[in-house]
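K.L.:
Quick one: this structure, given as structure tokens, is what I'll be asking you about.
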Amino acid sequence: MRTADTRCPTPPKRSRGMRLLLIRHGESWSNVEDVIAGERSCRGLTDRGRHQAALVAECLAAERDRTDIRIVYSTGVRRAVETAEPIAEAFGVPLRPEFPYNDHGAAEGSGRSETLSGAAGSRPLSVDGPIAPGVDSWATSARRVGRMLDVLMCRHHGDTVVLACHRETVLAAGQHFQRIPPTLDHATAEVDYTAITEWAYGPRSRDPQHWRWTLVRHNDTRHLLTM
């Protein structure tokens with residue numbers, strides 16, 4: 001797993017805010033085959049997933065007047081990289097596949113259903129706990145996502161940034177921006193393939209000195225209606 005530089009050398013500028021577009025990856029072979037796959041074992045997108053990735057890139061390009069994307073990030077997992085590539089190509093911007101992803105430990109490459117069944121045994125399985133030796137807990141992975149999101153805000157304050165990622169990344173981002181304790185025990189959310197979730201960082205209209213994150217849209221999949 002790649003280790004990203006999490007240093008923030010300068011405080012964020014206050015001239016204008018940041019827009020962050022979180023794009024879940026398209027349908028992958030690991031989804032179809034129900035396999036736990038990270039950087040070491042992901043086989044990438046299915047043909048359907050590649051079509052979904054092309055459609056979301058076209059959708060963002062059509063919104064170019066409000067989505068002046070400066071850079072595209074992804075995790076190093078093949079399904080996320082292959083989702084990010086057509087977006088970066090459409091905008092002619094760099095792709096940096098360095099955003100952190102979960103460590104699957106001993107579960108890497110194994111069947112999801114069998115792994116979850118074995119981890120649960122005769123006891124209910126916690127949604128927040130590790131499912132196998134060396135696997136990240138939800139709190140560990142969510143906090144890692146939050147730290148890197150803070151780094152992106154420092155690097156790209158005032159820009160529009162795309163992050164091609166995973167359902168877990170989208171959920172962790174929402175918890176981080178809202179300062180919700182990192183748990184999935186009480187609530188979760190739907191995040192479909194290549195869904196667009198958009199957050200904007202800027203000042204409140206009634207108090208320009210108070211800056212905060214605003215959820216602009218979540219799980220936007222209108223670009224898939226033509227499939």
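Glycine residues also receive a Cβ, built from the backbone N, Cα and C atoms like all the rest.
Note that TrEMBL annotation is computational and uncurated.
From a predicted model like this one, the values you see are computed outputs, not experimental measurements.
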K.L.:
Out of Arg66, Arg70, Arg78, Arg79, which does TrEMBL tie to the same substrate site as Arg24, His25, Gly26, Glu27, Ser28, Trp29, Ser30, Asn31?
P.N.:
Arg79
K.L.:
Fewest other C-beta atoms within 10 angstroms of its own C-beta: which of the binding-site residues Arg24, Arg79 fits that?
P.N.:
Arg24
K.L.:
Which are the residues of the chain, Arg24, His25, Gly26, Glu27, Ser28, Trp29, Ser30, Asn31, Arg79 excluded, whose CB is within 8 A of where the CB atoms of the substrate site average out, their centroid?
P.N.:
Gly44, Leu45, Thr46, Gly49, Thr83, Tyr193
K.L.:
Could you state, as a whole number of Å, the largest distance between Cα atoms of any two of Arg24, His25, Gly26, Glu27, Ser28, Trp29, Ser30, Asn31, Arg79, the listed substrate binders?
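P.N.:
If we measure all Cα pairs in Arg24, His25, Gly26, Glu27, Ser28, Trp29, Ser30, Asn31, Arg79, the largest is 15 Å.
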